[in-house]
Structures are given as C-alpha cells and as structure tokens.
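A.B. asks: Here it is, the structure in full.
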Amino acid sequence: MSYERERYIAELAVQRATILTQKVFNEKAKGTVSKDDKSPVTIGDFGAQALIIQAIRKNFPNDEIVAEEEASTLREDKALSAEIWRLVKDIKLEDAESNELLGGSLPSEEAMLDIIDEGKSAGGPKGRIWALDPIDGTKGFLRGGQYAVCLGLLEDGDVKVGAIGCPNLPVDDAATISSSIGVDQNSGAGNGVLFSAIKGAGSVSRPLTSGARAESKSISMRPVPDIAQAVFCEGVEAGHSAQGDNAAVAQLLGITSPSVRLDSQAKYCSIARGAGDIYLRLPVKKDYQEKIWDHAAGDLIVREAGGQVTDIYGQTLDFSKGRTLAANKGVVAAPKAIQDEVISAVKKVLKL
C-alpha cells in the first residue's frame with residue numbers, strides 16, 4: 001500500500017488548520033494577552049482539532065483518532081464554544097477542490113463539538129490510528145515563535161505517514177536557525193513549511209499555502225563527519241527536557257556550538273532538513289510518559305530523512321502502547337552514523 005492518499009489528505013488537513021491557528025494568533029494572542037492567558041491556545045487547539053478530525057472522518061471514516069482535547073469543557077463554557085465556532089466556521093482552503101476533499105465547512109457549532117469528541121481513541125497495537133496534536137508548542141505559539149500542527153498515521157503500532165505544519169519556520173532549508181527563531185516570527189515573508197513522510201518513501205518539505213498543495217522537495221539530514229561540529233536542537237521550556245543534562249551530553253561529545261532552542265516538533269523537522277543535527281528530550285520526571293501525538297509524525301520524518309530516533313536506552317519508540325510511549329523514556333534523535341555515540345554519552349551523563 002502506498003499511503004499517498006493518506007499523506008495528501010493529512011497535508012491538506014494540516015495546511016487548513018494552520019490558516020486557523022495563524023488567524024487565532026493574529027486576532028487573539030499578538031501583543032494583547034499576558035503569557036498566563038491560555039485562551040488563544042485553547043481556541044486554536046479546539047478549532048484545529050475539529051478541522052483535522054473532520055478531514056479524517058470524511059476520507060477515512062473507519063480510522064480511530066487519538067487527540068488531546070475533549071469537548072466537555074466547551075459544552076459547559078458556551079461563550080468559549082461560540083467564540084471558537086465564530087473563528088472556525090469560515091476557515092477554508094482557497095482551492096475549492098482541495099477544500100471539498102476535506103469536507104468543506106462544518107455545518108454547525110454542535111457538529112463542531114461532536115467532531116472534537118471523536119479524538120478519544122485509547123490507541124494500541126491494532127488497526128489504523130491517527131495521532132493528532134493540533135497546536136504543539138503552546139508557549140511558542142503565544143510568543144510568536146515555533147509551534148507545529150502535527151498529524152501521524154499509525155497502522156498496527158507502526159508510523160506510516162507523518163505531516164507537520166510549521167507556520168513560523170523559514171521555507172529555505174539553508175536559512176540560519178539562530179536563537180531568535182523562538183520568538184516573534186509572526187509568519188513573516190519566507191516563513192511557513194509543511195513537512196511530510198511516508199514510511200519507506202523518504203521525507204519532503206514544501207511551502208505552506210492557503211490553497212492547493214505546493215511542490216515538494218526531498219529533505220535529508222546533513223552528514224556529520226566530526227561530532228564536535230554537530231548542533232543540538234532542544235526545547236525552550238526547562239520543564240520539557242533536562243537542559244543541564246543536555247549541556248553535559250554536549251560537553252562529553254566535545255560540542256561547543258550553542259544549542260538552538262525552539263518549541264514543538266519543529267525540532268524534529270529542523271534536524272530532518274539539516275538545520276541542526278541532534279535532538280534530545282531527556283526525562284525531567286522519573287514517571288513521565290511522553291504522549292504519542294508529541295512524537296509520531298516527527299519520529300517518521302527524521303527516520304525517513306536518514307536519522308534514527310530512540311529513547312535514552314537506544315530502544316526505538318513504541319507507539320503501540322496506547323496514548324503514551326509507556327515503554328520508552330525520553331527521546332534521542334540524530335543521524336544514524338552518530339546515534340550510538342550520542343546514546344553512549346546520554347547513558348554516561350544519566351548514569352544508566
């Protein structure tokens with residue numbers, strides 16, 4: 001099976017959802033809210049989830065969906081529900097044929113709430129299951145930095161398709177990723193990338209558009225002949241990865257370049273196209289289990305670009321255990337040629 005149709009629908013669904021998330025940012029988040037006000041994220045999360053699940057339901061009605069949000073909050077908060085509906089109801093791709101493929105406009109606010117609730121699958125080892133993160137990188141979203149709309153298809157626990165929209169990443173693969181990438185990008189000119197992969201068929205990127213799908217080009221991780229020259233990509237939030245341990249791993253490997261800090265699965269996408277080399281997400285809490293929607297699409301995109309993705313013990317990520325990566329601890333992603341060396345350094349630092 002080729003999975004080309006699944007990839008096509010996933011890309012269009014993600015693309016349409018990013019039209020909403022950018023609208024929410026510009027109307028609700030930009031310069032008007034304190035960082036403690038989560039309502040723009042809430043609105044974007046629920047709205048993007050509704051739009052993407054609608055597209056999956058229209059094209060693959062029997063597939064299951066694992067998503068983060070449930071509509072019970074909205075059924076209790078009528079004002080919030082009405083505001084989300086106001087923003088969602090007119091969102092469409094400018095290309096009519098592409099938009100119809102996704103099911104067109106949602107018919108009503110009630111239909112929107114019902115469809116949000118279709119993301120409650122428990123996951124597991126059998127069947128076709130979509131893992132959806134409507135806004136990955138909530139703090140990045142609020143500060144106008146990096147966030148991603150992420151969708152992956154699992155079949156019998158194996159990731160077959162991944163699509164990630166990064167509205168604030170530069171389209172140019174060769175663009176220098178500096179520390180400023182994490183703030184105030186505001187989907188400026190030259191920003192907005194859609195990454196995707198099919199298992200066994202490589203990874204591609206294309207510019208995000210508001211209409212039909214743009215032309216793609218294949219992407220791959222860059223060779224790292226000297227590990228000391230490698231560049232780390234890591235999270236901005238200290239609560240998501242143990243940054244002191246990350247620094248110790250870098251030191252052990254002789255890496256002196258400053259780490260690039262960015263939110264969301266944009267980290268997976270950045271190393272997949274050679275704008276960085278190593279992504280570490282080292283455990284902060286002993287009992288924390290990573291959510292499958294935070295990793296499914298990025299895991300495949302990196303592997304299909306010539307990388308390897310494992311946990312801190314060197315085990316591949318197991319997406320068959322339900323809604324979390326219950327069998328894994330942490331994440332280490334790097335080019336295949338240096339993965340063992342990175343894992344070895346991680347084990348030394350974490351005393352595994």
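The chain as shown is numbered from 1 upward.
Cβ atoms here come from the backbone N, Cα and C positions, even for glycine.
From a predicted model like this one, the values you see are computed outputs, not experimental measurements.
For reference, Swiss-Prot lists these features for the protein:
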type	residues	note
ACT_SITE	Asp45	active site, proton acceptor
BINDING	Glu68	Mg(2+) 3 binding site
BINDING	Glu68, Asp133, Ile135	Mg(2+) 1 binding site
BINDING	Asp133, Asp136, Asp294	Mg(2+) 2 binding site
ACT_SITE	Thr138	active site, proton acceptor
BINDING	Thr138, His240, Ser264, Lys267, Arg281, Asp294	adenosine 3',5'-bisphosphate binding site
BINDING	His240, Ser264, Lys267, Arg281, Asp294	AMP binding site
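Describe each of these features in terms of where it is and what it packs against.
C.D. replies: Other Cβ atoms within 10 Å of the Cβ of Asp45 (active site, proton acceptor) number 24 in total over all chains. The secondary structure of Asp45 (active site, proton acceptor), as reduced to three states from DSSP, is helical.
The local packing around Glu68 (Mg(2+) 3 binding site), expressed as other Cβ atoms within 10 Å of its Cβ over all shown chains, amounts to 18.
Taking the Cβ of Ile135 (Mg(2+) 1 binding site) as centre and 10 Å as the limit, one finds 31 other Cβ atoms among all the protein chains shown. In the three-state DSSP reading, Ile135 (Mg(2+) 1 binding site) counts as strand.
Taking the Cβ of Thr138 (active site, proton acceptor) as centre and 10 Å as the limit, one finds 18 other Cβ atoms among all the protein chains shown.
Classification of Ser264 (adenosine 3',5'-bisphosphate binding site) by DSSP places it in coil, neither helical nor stranded.
Arg281 (adenosine 3',5'-bisphosphate binding site) is surrounded by 22 other CB atoms, counting those within 10 A of its CB over all protein chains shown.
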A.B. asks: Cβ neighbours within 10 Å, counted over all protein chains: which one of the binding-site residues Asp136, Asp294 has the most?
C.D. replies: Asp136
A.B. asks: Within 10 Å of Asp45 (active site, proton acceptor) (Cα-Cα), which of the binding-site residues Asp136, Ser264, Lys267, Arg281, Asp294?
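C.D. replies: Checking each Cα against Asp45 (active site, proton acceptor), the hits are Asp136.
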A.B. asks: Under a three-state reading of DSSP, tell me whether Glu68 (Mg(2+) 3 binding site) is helix, strand or coil.
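C.D. replies: Looking at the DSSP assignment, Glu68 (Mg(2+) 3 binding site) belongs to neither helix nor strand, so coil.
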A.B. asks: Which whole-number value in Å describes the distance between the Cα atoms of Arg281 (adenosine 3',5'-bisphosphate binding site) and Asp133 (Mg(2+) 1 binding site)?
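C.D. replies: On Cα coordinates alone, these residues lie 18 Å apart.
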A.B. asks: How far is it from Ile135 (Mg(2+) 1 binding site) to Ser264 (adenosine 3',5'-bisphosphate binding site), counting Cα to Cα, in Å?
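C.D. replies: Computed Cα spacing between Ile135 (Mg(2+) 1 binding site) and Ser264 (adenosine 3',5'-bisphosphate binding site) is 9 Å.
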